[in-house]
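Step one of this worksheet: look at the structure below.
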Amino acid sequence: MTRKIWVFDTTLRDGEQVPGAKLNLYEKVEVAKQLKKLQVDIIEAGFPASSTGDFNAVMEVAKQVGNTSDIMITALARAVKQDIDAVYNSVKYANNPMIHIVLGTSDIHVEKKFNKSKDQILQIGVDAVKYAKTLTNEVQYSTEDASRSDFEYLWSTIEAVMKAGATMINVPDTVGYAEPQEFGEMIYKLNDRMKNLNDKVLLSVHCHNDLGMATANTLAAVKNGADKVECTINGIGERAGNAALEEVVMAMITRDKVYGAQTNINAKEIMNTSRLVSSFMGLDVQVNKAITGDNAFAHSSGIHQDGLLKSRDAYEIISPTAVGLDDMELVLTARSGRHAVKNALEKLNLDLTAEQFEGVFENFLTLADAKKEVYNHDLYVLVEDYFKKHNMATETTYSDYFYEIEDLQVISNSIFPSASVKLRKGEAIIKHSASGSGPIAALYTAITEMTEIETKLVEYNISSVSRGKEALGKVKIQVAYEGETYLAKATHTDIMMASAMAYINAINTIIVEKMMPETATV
Ligand SMILES: CC(=O)SCCNC(=O)CCNC(=O)[C@H](O)C(C)(C)COP(=O)(O)OP(=O)(O)OC[C@H]1O[C@@H](n2cnc3c(N)ncnc32)[C@H](O)[C@@H]1OP(=O)(O)O
Ligand SMILES: CC(C)C(=O)C(=O)O
C-alpha cells in the first residue's frame, strides 16, 4: 500500500533565512498562493517574533492562503512564551493553524548554548508545548540538532512533549551532519517507539545540505517510517540549504517501488513555483540543479541527443512535462552530432539531400565552435549560405527575416537614459534611438520599435560568469508574446551588448515560431 507523506514547505521561513532573500508581505503572500497551487500540506510562513513586518506577513498568509481546509499554516517559535504568542496571534486567522516550537536536544545546545541541565531543557520544552496547547490543538515540536543528540535523551524529550500534547514531532538534522544509513536507522527506532506511544502523532524530518545529503537523508527517513518531510523550493535555506522539495517529491514519484510512498504535490506546478521563488528572492537556481536547474532537461552532446531521438528513455528518467516544462531541450552545440542537427533542420521543414546536409553540418560545426549555442535562426542562415555558396536558387531569403546587432550605444543617467542601436536585417541596415526609464528599458524600447515586435519583458536576470574585471556578463530573459513566453540568453564582456543579444535572440525565436512563411523551402 502507498503511504501518504505530508509535505511541510519552509521556503518562507528557513528558505528566507538566506542572506538577501527577505521577502516583503506582498511577495510572501504571492509565494504562499503558489505553494497552495503546488498542493503542499503545510506552509511555514515565517518567524513572527522576529519583526513586525514578518508578523504581519505571516498573518496575511494565514488570512489569504490559509482560508481553506486543505492547507495548514504555521510559523516558528523558540520555547519562549512571547514567541509562541506571536505565532498564535498571526496564524490564528487560518482555518488550520499550527504552532511550531523548536528547542535543542544535543549536548552542544543544552550545555553550550543554554548552559542548563538536560532536565531543565526538557521541562522548558514540555512547558512550551503545554502553553501552546492552550492556544491551538496542532503543535509541532522540533528537537533541534537531533542528529547530534544522545539518542535516549532525544527519545525522553520526544516522549515527554508527546505526552504534553505535541501533534507532530520534527527531527532535524540541523547542521547537515547526518548520513543516510545512520539517519534512516535513527528514524526507524524513533518511529517504532512513537507509534507504540501514540500512532496519531506524525513523525517528520528536516534535513540540511551541508554535506550535500539533505535529499538523501530525507528519503532515507521516508523509507524508515517518517510521515512528513520538511523541504524548501530549490533547496534554499540557512547555509547550504534544505532538502529540495522538487527532488524529494520527484524521487518518490520516479522510484515509487523503492519508497512505496507518495505526496499530494501537483508536480506540474514545480517549475512555476521554482521560478517565482527564484525571481522574488533574487536567488539564481544553479544550472545543473536537479529538476529545476536550466539544464535539468537539456541535452547537448551528440551521443545523448542521438539516443534520445531513438528512444527517450535512453537518457531521460522524468518527462519534463511532468514538472510543468514544455519538453526536453536538445541544445545545438559544438558537441552535437548529425542526428540532432538533422532533427532540428527537419523540424524547420528544411529538407536537404545527404550531400547538402553534410555541407551544412560542416558549417554548423564551424559556427558552433565560435558560439556557445546555435539557435534555429542560425540554422536558416547556415542553409541559405550553403545554397548561395553553391549558386543554388532559394525561394526565400531567410536572412531577410532575422536581426543581428551591428552596434549600440547606451547612455545611463538619471536625466534621460537613452540607447542608439544599429541592426542588420539581411542586406538592410536599420538605425534607431529611444529613451526609457533606465538603460535596459531604453535599449529594449529601441529594439522593439525597430523590429515592430511588441513583447512584454517578464524577467531580466544578469549574472557574472567568471570573476574579475574581465568577467563575462550572462543575461537571461523571459519575454511574453501573444500569450506565450520565450526564454533567451546571451553572454558578452559588455553587459549592454549581452542584454541586446539576449533580446535579439528572443525576437529571432519568435520570428522562427510565428512569422516564417509556410512556403519557406529551399
Ligand atoms: C535552526 C533554525 O533555523 S532556528 C530558527 C532561526 N531563525 C531565527 O533566528 C529567526 C530570526 N531571529 C530573530 O529575529 C532573533 O534572533 C530573535 C527575535 C529570535 C531573538 O532575538 P534576541 O532576543 O535579540 O536574541 P538573540 O537572537 O541575540 O539570541 C537568542 C536568544 O534566544 C535563546 N534561544 C535560542 N534558541 C532558543 C530556543 N529554541 N528556545 C528558547 N530560547 C532560545 C538564546 O539562548 C538567546 O538567549 P539569551 O539572550 O538568554 O542568551
Ligand atoms: C526549526 C528547525 C526545524 C530547523 O530549522 C533546524 O533545526 O534546522
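Cβ atoms here come from the backbone N, Cα and C positions, even for glycine.
Not measured: the values here are computed from a predicted model.
Mn(2+) binding, as stated in TrEMBL, involves His206, His208, Asn242; the candidate among Asp9, Asp14, Asp41 given for that site is Asp14. Note on the region 'Regulatory domain' (404-522): mean pLDDT across this stretch is 91. Asn242 (Mn(2+) binding site) falls within a strand when secondary structure is assigned with DSSP.
Residues in the region 'Regulatory domain' (404-522) partition by DSSP class (helix H, G, I; strand E, B; coil) as 34 helix, 51 strand, 34 coil.
It is His206 that, of the binding-site residues His206, His208, has its Cβ surrounded by the most other Cβ atoms within 10 Å.
For Asn242 (Mn(2+) binding site), applying a Cβ distance below 8 Å and a minimum sequence separation of six or more within one chain yields Thr10, Asp14, Gly15, His206, Cys207, His208, Asn209, Ala214, Glu230, Cys231, Thr232, Gly235, Ile236.
Other residues of the same chain near the Mn(2+) site, with their Cβ within 8 Å of the Cβ centroid of Asp14, His206, His208, Asn242, are Thr10, Pro172, Thr174, Cys207, Asn209, Ala214, Glu230, Cys231, Thr232, Gly237, Glu238, Gly241, Ala243.
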